[in-house]
Structure formats: structure tokens, C-alpha cells
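Trainee: Okay, here's the structure, questions in a sec.
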Amino acid sequence: MKRLLSPLSTLLFTQFLSAFADNMILFITLAMIKNYALPDFYIGVVQGAFLFAFVILAPFVGAFADKNAKSHVLLIGNLIKAIGIVGLFTGLDPAVSYAIVGIGAAVYSPAKYGILTELTTTESGLLSANAKMEGFTILAILTGSLAGGTLAGYSINAALAVCLALYLVSLLMTLLIPKGPVNNQLHYRREMLTFFKETGKLFADRKTRFALIGTGSFWMSSAVFRLALIAWVPIHLAIDSLDQISMLTAITGVGIMIGALVTPKLIPAEKYYNAYRFGAVMIFAMLLFPLTYMLPLAVVLLLLIGFAGGVFIVPMNSALQDEGHRMIGSGKTIAIQNMVENALMLAGVGIYTQITKMGASADSSIIGVGIALAVFIVFLSSQVKRLKA
């Protein structure tokens, strides 16, 4: 296998399998919520439980990724995710099981991005690797969502078995990635105490602050839009089957994958700040959804949102990793990024869950997402002149 795949290719394949299973779970839990006759807003509770793990563990997982070989950290993350699937098998509450998967994902994430700086040697190479990572991740979101919705419609246990198998295969694939450097001088207690100081350091720097706010706003809006879209489709398009809804949500993933892969040609690494313009395109497309009742137009808008989102996120990720790696270390940078992104996602999902309980419509939720993203984009646009200077 080592002869067939380079370390970077092995990492991308491992990430694809793990992310594929991650996105199957959302639609499997959605099917379980319907089977258990739980209220519709419970999907927000489940999603929130997953995100909560990222926020709480952020001060620890970055140091854990920097102290240990990142390939080993990936293995541990996949193992914890697999335990979460076993929980679903045994009848554990979906929110609790998904929280365990979230713990695994929180451990896994800093290593999956941090290891890119070990497998590349130039800034352009890092941008290209980031683009491939985002492309494969979004392909996994696309196909995983589709597979989760389809398989759960036939058999929840079969869908869970596929998830478990994927995590185990991904776990084994991490053994083929070079061990890489370790930092035994890191002490967890000290690193956890300095975590928030380093968070302040990243926010004090213009480049990393811009990237953190950019990536955070993207994932916040994406998380809430995805949940709102699940509620929007039956109302506007008269589509109720879970597998068809999963197909539609996956269309955004197609657009993101395309956008991520063409980003190096559209946004040079040194002009990452121009990516905010594609955030504005996302807002425009989102605000058209309340006026949309035709499937073809909905597909076009979803592709547009995805494409713009892909071009928006990749330069931000690359800029943050490149600068953050030099400032505080790649693992801690990604952990801080995860904390910021998931804190915003948790806040967005929490607000969405609350207003849904109060009777807010899917249209209102989508408009709210667009407005919230617009606030962030306006701020980012105001910072561009300073970044150019």
C-alpha cells in the first residue's frame, strides 16, 4: 500500500472515509429521531451535542496533536468515533452517542490539518494540499449524506454497520502515514492554561484574525443553513423522503468541492483576503430561497452556494495554517480554529433550535442565516485595506 499511495494521498483517503462516516451519522440520527417520534427540533439538540465537544475540548486537543505523532492522533480520533457508533447500536440516546462521535472528531481535526504542514514544503504546496483536503472532505459530505439518508431508509442497523466499518478502515489506513515529529516538551496543564492567551495572540494578528472570522462565519452559516434546508425542502418542493432530502443537501457539497479544487486558480495564496467576495455570493443565493419553489432553480442555487463557499473557505484555511504554524504551532492553531468555528456553529444551531421550538418558519431561518453572514462579510471587507498595506 505504501508503494501505491503517497503519504498525502493516504491522508486524503483516510480523511475521506472518516468524513464520509461523519456525514452518514447526521441522517441516520435524523431517521432515528423520526422512528422514536422525537420532536423535530431534536435534530438541533443532536447537532449541538456534537459541536459542544469541540468547544469544550479545544484547549486540550491542539496540544495533544502537537505533542504526539499526528498519524497516531488520527487513529485515536477514529477509534473514539467508532465507540460512538457502538453507542447508537446499543440504544444509547442519539445526542449522547453523537457527542461521543464529536469527541473523536475534536481529537481528529487538529491532526488532519496540522499534518499538512509536515507533508508539504512550500506555501503554494500547502494551499494545494488544503484545496485537495477540502475537496475530498466535501466529496465525503456529498456522498456520506446521500448514503446515510438512503441506507437509513432501508435499515438503520445496516447504515450503522457501514459507519463502523468505515471508521475502522480509516483507522487502519492511518498506520500507513509516516509517524512524523513529536514534541515531548509540551505539558498539557501548561498548554491548557496558555490556550486562551494564544487565542488572543491569533486574534491580535490581522491575518489570522481575518482568517478565523472568515472560517467561523462560513461554518456557522453552513451548519444552520443545512438544518433549515432539511425543513425547507418539504414545504417548498413537496419532497418528504429522507433519501431525496439528503440528495439535495449533498448538492451544496458538489459545489463546495468544485470551488475548493479551482480556488488556487481564482485566489492566489498571497491574496487570500479577496475570498470574502465569494461570501457575498453565498448571501445573495441564500436570500433567494424563500422565493424558490422549483426544483431546478433550487439545485442551481445550492450549487452556487457551494461553489462560492468552497472558494471562500480554502484561502482562509491556508492563510491561517501558514501563519499560525509559525506563531504557535499547527495543532494549537487548528484547535483554536475549531473552537471559534464550533462555538459559532453551536451558537447558530442553538438559536435555530430555540426559534424553531417557538414556531419560526424555515424561510425566516434562512433569511436570518443570510443576514448573520452578511454582518461578518461586511466586517471582513472593512479589513482588506489593512491587510494589503
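Using the three backbone atoms N, Cα and C, a Cβ is placed for every residue, glycine included.
Unlike curated records, TrEMBL annotations are generated automatically.
As annotated in TrEMBL:
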type: TRANSMEM; residues: 45-65; note: transmembrane segment
type: TRANSMEM; residues: 72-89; note: transmembrane segment
type: TRANSMEM; residues: 95-115; note: transmembrane segment
type: TRANSMEM; residues: 135-152; note: transmembrane segment
type: TRANSMEM; residues: 158-177; note: transmembrane segment
type: TRANSMEM; residues: 210-233; note: transmembrane segment
type: TRANSMEM; residues: 245-263; note: transmembrane segment
type: TRANSMEM; residues: 275-291; note: transmembrane segment
type: TRANSMEM; residues: 297-314; note: transmembrane segment
type: TRANSMEM; residues: 334-353; note: transmembrane segment
type: TRANSMEM; residues: 365-384; note: transmembrane segment
Trainee: Counting a contact as 3 or more Cβ pairs under 8 Å, with residues at least 6 apart in sequence, do the transmembrane segment (245-263) and the transmembrane segment (45-65) touch?
Mentor: no
Trainee: Between the stretches 72-89, 158-177, 297-314, 334-353, which one has more Cβ pairs under 8 Å with the transmembrane segment (210-233) than any other?
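Mentor: The stretch with the most contacts is 334-353.
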Trainee: The transmembrane segment (297-314): which same-chain residues, six or more beyond its ends, come within Cβ distance under 8 Å?
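Mentor: For the transmembrane segment (297-314), the far contacts come to 127, 130-131, 134-135, 138, 214-215, 218, 222, 225, 236-237, 248, 251-263, 266-267, 275-276, 278-279, 281-282, 285-286, 288-289.
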Trainee: If we skip the immediate neighbours and take only residues 6+ beyond the ends of the transmembrane segment (45-65), which ones have a Cβ under 8 Å from one of its Cβ atoms?
Mentor: 26, 29, 33, 73, 94-96, 98-99, 101-103, 105-107, 109-111, 114, 186, 188, 191-192, 195-196, 223, 227, 329-336, 338-339, 341-343, 345-346, 349-350, 353
Trainee: Between the transmembrane segment (334-353) and the stretches 95-115, 275-291, 365-384, work out which stretch tops the count of Cβ pairs under 8 Å.
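Mentor: Between the candidates 95-115, 275-291, 365-384, the best contact partner of the transmembrane segment (334-353) is 95-115.
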